[in-house]
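One structure is given below, represented as structure tokens, and several questions about it will come after.
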Amino acid sequence: MSPSHAKLATVLLFDVATASADVGGTPSRLTKVARIADLLRRAAPNAALVAIVVSWLSGELRQRQIGVGWAALRSRPPAAAHPTLTVVAVDAAFAEIGAVAGKGAQARRAALLNALFAAATETEQTFLLRLLGGELRQGALAGIMADAVARAAGIPAAAVQRAAMLGGDLPAVAAAALSGEASALDAFTLRVGRPVAPMLAQTAAGVAQAIERHGGQAIFEAKLDGARVQIHRAGDQVTVYTRSLDDVTARLPEVVTATLALPVEALIADGEAIALRPDNSPQRFQVTASRFGRSLDVAAAVAAQPLSVFIFDILHCDGIDLLDAPTTDRLAALDALVPPAQRVDRLLTADPDAAGRFLEATLAAGHEGVMAKAPGAPYQAGRRGAGWLKVKPVHTLDLVVLAVEWGSGRRRGKLSNIHLGARDPATGEFVMVGKTFKGMTDAMLDWQTARFTELAVGGTDGYVVRVRPEQVVEVAVDGVQKSSRYPGGLALRFARVLRYRDDKGPAEADTIDAVRALY
């Protein structure tokens, strides 16, 4: 056995499972960071082991998907008496399960899963169940994990955060940080062909507030209701990524063609792909989203509903990194490169009335609102930075469904009233802020009944069905009010469902602070 494999064998699944339980059992951020850092020191300097531990404690598999649904986890064999499973052995088992394909794949996958659970203790089984079921919520969010990596490596947290921002892969950054090489994180730079986490926006109550928060002047842009895309070009090679950093190049040939027409050799751009009607008004979001399906006949889809691409930011252009440049400089580079037909409408103003007219015109054109950007702000990749504020005609929030109630009357037999949670950035948990059954079409009721049956935890026999907190839903609200009914002390006013956001994960849901900001 090589020294590296011997190192891998020294950390057991039990060690990770108990650390996960410890982290989930404390509300203290400092205690969470210290506990994770302690485990990471034990795993260092083995890069593979560090990456596995960081992935698991972040609630993810290195393999991402291995074909194991919740139904396969409902029954499990008796637990082992003593812990013997190593982290590397379990990771290898996940890889083996994920590689199963062809005739009899389901039975073979089930047998491998059963063997894995049979070798696990009760503590380990509980951890595996939550990890594979997507329910591992012990509060180890990216910020906490980055702090833990920094503490374990003895380096500034800002260095880890920036490397993760540029590398788009915290496990890889953690492995480098704990390798013992002082300059290991220097390799994580902005690089064409490697996606970075997109910048996200906070919410403003109106254009006047947005101008005030940006210091008296703001750049307003039309907010398109399409699909976020990050475009990379290196010579004749174009790659297109979604907001979750999935490669969708093959599904969006129009974006590739439009990018190749630009007079540039090296480019990283942020933009929106959107389906338009013949009069250039936007189609419903679902029409755009249908172009991102995995089992898509691309040629037929392009013929039936072509997409247009609009670029609203540039991060790199022909050897020049613009990530840290102010918004005005990035937009100047954009205007010099991208033709007007592929830019979003824009207005720089300090006048709330002018901004209000711009918002009204944008809404009249069929778009969902405006973005207000600070002229001097950098591009804060991977962060919901204060440099971008979204303004919509009604307040909207992206929340997570925590539970759902069976309907009555015309909705009997349908899962109807959804319980809504906002993310607590301090703990990683979700705080319930209200319920709603409004805004749901018959088709939506059918869809969510199937979806939440799949996500159900503990069966669907009761009136209230608890679900794994994975489904993000966009709701419109008239505001919030104080309430002792919910743990956050606030309740949504007149919440109604706008759409389900399959393009967003629960970590991208709005925070309880965003809800409080509407009070």
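Just so you know, glycine gets a Cβ as well, placed from its N, Cα and C.
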Per Swiss-Prot, which of Glu272, Glu360, Glu429 sits in the ATP site along with Glu221, Arg228, Arg243, Phe312, Arg384, Lys390?
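Matched candidate out of Glu272, Glu360, Glu429, per Swiss-Prot for ATP with Glu221, Arg228, Arg243, Phe312, Arg384, Lys390: Glu272.
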Could you tell me which of these recorded positions, Lys223, Arg243, Arg384, Lys390, has the greatest number of Cβ atoms within 10 Å of its own Cβ?
Lys223
Can you tell me how many other Cβ atoms are located within 10 Å of the Cβ belonging to Arg228 (ATP binding site)?
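There are 18 such Cβ atoms around Arg228 (ATP binding site).
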In sequence order, which residues at least six apart in the same chain have a CB under 8 Å from the CB of Glu272 (ATP binding site)?
Leu224, Gly226, Ala227, Arg228, Val229, Val309, Phe310, Phe312, Val344
Restricting to the chain of Glu221 (ATP binding site) and a gap of 6 or more, list residues whose Cβ falls under 8 Å of its Cβ, or answer none.
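Glu221 (ATP binding site) has long-range Cβ partners Phe312, Val344, Asp345, Arg346, Leu347, Val370, Met371, Lys373.
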If I take the Cα of Lys223 (active site, N6-AMP-lysine intermediate) as reference, which of the binding-site residues Arg243, Arg384, Lys390 has the closest Cα?
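For Lys223 (active site, N6-AMP-lysine intermediate), the closest Cα among Arg243, Arg384, Lys390 is found at Lys390.
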For Phe312 (ATP binding site), list the number of other Cβ atoms lying within 10 Å of its Cβ atom.
23
